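Annotated features in Swiss-Prot:
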type	residues	note
BINDING	HIS26, HIS74, ASP159, HIS163	Mn(2+) binding site
MOD_RES	TYR34	3'-nitrotyrosine
MOD_RES	LYS44	N6-succinyllysine
MOD_RES	LYS44	N6-acetyllysine
MOD_RES	LYS51	N6-acetyllysine
MOD_RES	LYS51	N6-succinyllysine
MOD_RES	LYS90	N6-acetyllysine
MOD_RES	LYS98	N6-acetyllysine
MOD_RES	LYS98	N6-succinyllysine
MOD_RES	LYS106	N6-acetyllysine
MOD_RES	LYS106	N6-succinyllysine
MOD_RES	LYS178	N6-acetyllysine
Amino acid sequence: KHSLPDLPYDYGALEPHINAQIMQLHHSKHHAAYVNNLNVTEEKYQEALAKGDVTAQIALQPALKFNGGGHINHSIFWTNLSPNGGGEPKGELLEAIKRDFGSFEKFKEKLTAASVGVQGSGWGWLGFNKERGQLQIAACPNQDPLQGTTGLIPLLGIDVWEHAYYLQYKNVRPDYLKAIWNVINWENVTERYMACKK
């Protein structure tokens, strides 16, 4: 069974950029619901497999994608953030960003634009294209997981569902995007980058 991962910091640790109320609801209610619903869906899926009921298996796939994606995405998101975050990455990741986007500022602009531009709910991502050996920016709707739907390996995810920012930033998604750069955990993003290069 899947379980809700602990946050590596307190709910209030990302203040003033993301307030404690948002973090508490987002982690203990929203992410917890994805985990619970994923477990229920997987149980039903196992039953359908055991019975050889292909129709039931197909019917369960949207719930598997939505709740499984929600669990995968949020598990990455919490580690991508840190009260000691912000600034720029260092070393090989910074070099790769400059190579693939021209500069760190241009990369920030592109990922911000992709995230702000998501229609409705979804995610903005920095991913790694293993075949090309390149960093790429992508946007995914709803809880579609990056790797499962695009093949890109997720390095940095920005949640642009309204539950991620509305209580603090209301309908002004660009203000939330400006703020989140102050808490990006570049050490975590770099670890992910180095791991997928092996």
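The chain as shown is numbered from 1 upward.
The backbone N, Cα and C atoms fix where each Cβ goes, glycine too.
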**Fill in**
Residues lining the Mn(2+) site besides HIS26, HIS74, ASP159, HIS163 (CB within 8 A of their CB center) are HIS27, HIS30, HIS31, PHE77, TRP161, ALA164
**Prompt:** Pick from LYS44, HIS74, LYS90, LYS178: which of these recorded positions has the biggest number of other Cβ atoms within 10 Å of its Cβ?
**Reply:** HIS74
**Candidate with sparsest Cβ neighbourhood (10 Å radius) among HIS26, LYS51, HIS163, the listed recorded positions** = LYS51
**Nearest recorded site to LYS178 (N6-acetyllysine) by CA-CA distance, among recorded positions TYR34, LYS90, LYS106, HIS163** = LYS106
**Item:** Distance from LYS51 (N6-acetyllysine) back to ASP159 (Mn(2+) binding site), taken between C-alpha atoms, in Å
**Value:** 37
**Request:** Please classify the secondary structure at ASP159 (Mn(2+) binding site) using three-state DSSP.
**Result:** strand
**Asked** What is the number of other Cβ atoms found within 10 Å of the Cβ of LYS106 (N6-acetyllysine)?
**Response** 13
**Asked** Taking Cα atoms as reference points, which of the recorded positions HIS26, LYS51, LYS90, LYS106 is nearest to LYS98 (N6-acetyllysine)?
**Response** LYS106
**Prompt:** Can you tell me how far the Cα of TYR34 (3'-nitrotyrosine) sits from the Cα of HIS74 (Mn(2+) binding site), in Å?
**Reply:** 9
**Prompt:** Rounded to the nearest angstrom, how far is the Cα of HIS74 (Mn(2+) binding site) from the Cα of LYS106 (N6-acetyllysine)?
**Reply:** 26
**Prompt:** To which of the recorded positions TYR34, LYS98, ASP159 does the lowest count of other Cβ atoms within 10 Å belong?
**Reply:** LYS98
**Message:** Looking at the binding-site residues listed here (HIS26, HIS74, HIS163), whose Cα lies nearest to that of LYS51 (N6-acetyllysine)?
**Reply:** HIS74
